[in-house]
């Protein structure tokens with residue numbers, strides 16, 4: 001019996017039903033709930049799994065490099081980045097007939113291939129890779145790293161190599177090493193790579209290990225550094241006529257503050273980026289020496305937190321008790337990390353298109369759309385996860401005695417005020433935004449478009465103007481041509497910024513109007529409602545007015561029937577589950593908005609977005625319906641085309657999404673009855689009844705079925721939009 005799955009739970013291993021399998025999978029990573037877990041073993045397992053995670057990441061990136069080198073067209077693309085379509089990898093499919101082979105043979109390939117919409121070609125090109133040999137070398141190096149990390153993970157589970165629990169709880173040392181080592185040193189190393197390899201390569205100078213020590217990155221070498229004449233490194237930058245990858249129009253500067261974009265590649269200046277990373281390295285290297293470790297110098301984090309008490313004591317005891325609460329709760333730490341990472345991932349989405357860092361990526365429209373959408377969805381999942389682990393912290397790790405009257409306790413004490421404020425904000429945003437949209441729809445339907453309510457986003461336009469956008473005529477700060485900031489901007493700092501912000505062909509501070517105002521508030525509704533559900537789920541995780549004793553029921557309890565006044569949908573897990581639907585909904589609006597605004601910008605018909613985005617029928621007809629025509633046309637009487645695979649994925653995505661409802665809208669009794677019937681029929685059918693199973697089949701629990709439904713809903717939703725996005729964009733722009 002002991003050898004049955006799951007080994008970590010004897011209780012589950014002895015369960016006679018199929019619950020053993022599903023609960024086993026569900027709790028496999030909930031180390032805290034395992035039979036023989038100790039605090040030390042918990043930390044060791046998590047530590048080892050981090051090495052495994054990194055090994056998988058290195059293996060994955062190695063695979064990208066390897067497949068492009070083997071089956072891609074990187075060298076051909078490097079010769080003509082704007083006209084050669086980058087190949088991700090070859091497709092081998094025995095079902096392909098001649099029409100399919102012809103449809104998918106692209107980019108100068110000998111057979112069917114997938115086009116890369118990930119931006120890796122532009123990335124590798126920008127950082128100085130030029131040949132397939134470079135890609136193979138990178139792939140082998142990352143494969144080697146992957147193996148090293150797998151060995152390291154295994155090694156740190158051995159008795160001699162296991163760190164102690166006190167090592168894991170040494171917050172000051174960890175923070176110092178992460179700030180100086182992870183951010184500081186790696187940023188410095190990246191500056192070095194940009195200065196020694198990428199910038200010379202962009203100027204036609206090929207630097208590799210054989211000539212690395214002979215080619216000076218700057219004509220004067222290190223002399224300006226040691227003599228304090230650092231401004232020499234910024235003199236003679238690349239000219240506006242510079243051809244990327246050649247010496248034509250190239251300068252000698254390595255650390256600049258030009259601002260704006262390289263005219264040919266439409267990406268940030270490499271020398272600006274090197275300068276940026278050097279500054280980051282400097283700041284973080286200093287930051288990593290702030291906290292007290294071996295030598296008794298520097299700050300104690302506990303002292304800092306204990307000192308954070310509001311003046312007069314009227315707002316409680318501030319941060320007292322927080323240090324030990326956070327340092328002893330892995331869920332709290334994970335919640336903080338996920339919240340930070342989620343926000344950063346969303347910022348990456350916003351900045352990758354508005355300030356493109358990679359050469360020629362701004363002209364690869366499908367890649368721009370794919371990367372924006374990808375990073376926003378990832379951000380959504382990570383951010384909801386932050387609240388999930390915040391709720392688990394409150395259930396498992398929060399000790400009221402340790403946190404009397406501090407910020408945590410006060411959050412819990414006035415949770416009703418927080419929740420009700422989020423509620424009225426959501427209601428206000430929702431009803432007003434929908435009201436405006438519906439009013440405009442009715443006006444269009446009755447043929448009086450001039451009676452629409454169209455509100456100019458004057459505050460947002462003012463902010464854009466303050467940053468230098470002159471279109472709106474606000475004449476303020478950087479857009480005021482007579483002001484000192486404007487004059488300084490032309491020479492002292494970022495002279496290219498003002499040109500970039502007033503160039504209507506890029507995505508930097510796009511021109512905005514009433515359609516943007518409305519969709520902004522629709523997105524604000526989605527964000528506030530998602531936040532409301534997540535915050536309420538976390539703050540009510542230990543107990544609520546209806547059910548004061550939730551703590552003992554744990555994180556994911558299901559309905560407890562009508563006897564307790566009905567406890568459906570009030571566990572912290574239920575709140576997370578509901579919030580994910582709202583998160584997907586919100587990111588749907590975000591990506592619809594971004595994509596529609598950009599395809600009209602790229603096609604040169606911004607009037608379509610401006611005129612049609614002010615009413616709901618405009619969104620349905622001129623964005624969704626109009627752009628799905630390529631997908632619906634994937635198969636037609638003339639055979640197939642290169643969009644057929646996306647047409648199929650569009651259909652398949654809808655199927656997966658719709659399957660989710662089968663789990664979401666039917667309850668346990670239905671499934672249990674169906675299973676009993678099928679099992680009965682199976683046992684009485686000749687031949688079929690030769691196959692028996694050990695576990696009695698039972699229906700999934702309510703919580704499990706909701707998870708399965710949510711997973712199908714999410715995956716189907718994203719699959720469907722991915723197919724729509726890639727097909728509609730690549731169908732227009734190739």
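Just so it is clear, glycine is given a Cβ too, placed from its N, Cα and C backbone atoms.
Given the ranges 87-110, 111-134, 135-158, the record in Swiss-Prot names 135-158 as transmembrane segment. Swiss-Prot assigns the feature transmembrane segment to residues 330-353, out of the candidate ranges 234-257, 306-329, 330-353. The feature transmembrane segment, as given by Swiss-Prot for the ranges 46-69, 454-477, sits at 46-69. Swiss-Prot assigns the feature transmembrane segment to residues 643-665, out of the candidate ranges 643-665, 666-688. Of the candidate ranges 3-25, 210-232, 417-439, Swiss-Prot annotates residues 417-439 with the feature transmembrane segment.
Among the ranges 273-291, 482-500, the stretch that Swiss-Prot annotates as transmembrane segment is 273-291. As stated in Swiss-Prot, the feature transmembrane segment covers range 575-596 out of the listed 553-574, 575-596.
Summarising the environment of residue 662 (chlorophyll a B3 binding site), the number of other Cβ atoms within 10 Å of its Cβ, over all protein chains shown, is 13. Among the binding-site residues listed here, namely 559, 568, 654, 671, 671 has its C-alpha nearest to that of residue 662 (chlorophyll a B3 binding site). Among 135-158, 175-199, 273-291, 369-395, 575-596, 575-596 has the largest number of CB pairs under 8 A with the transmembrane segment (517-535).
Within the set of binding-site residues (670, 671), the lowest number of other Cβ atoms found within 10 Å of a Cβ is recorded at 670.
Comparing the binding-site residues 559, 568 by how many other C-beta atoms lie within 10 angstroms of each C-beta, the top residue is 559. Each residue contributes its Cα atom, and for residue 670 (chlorophyll a B3 binding site) and residue 559 ([4Fe-4S] cluster binding site) these two points are 16 Å apart.
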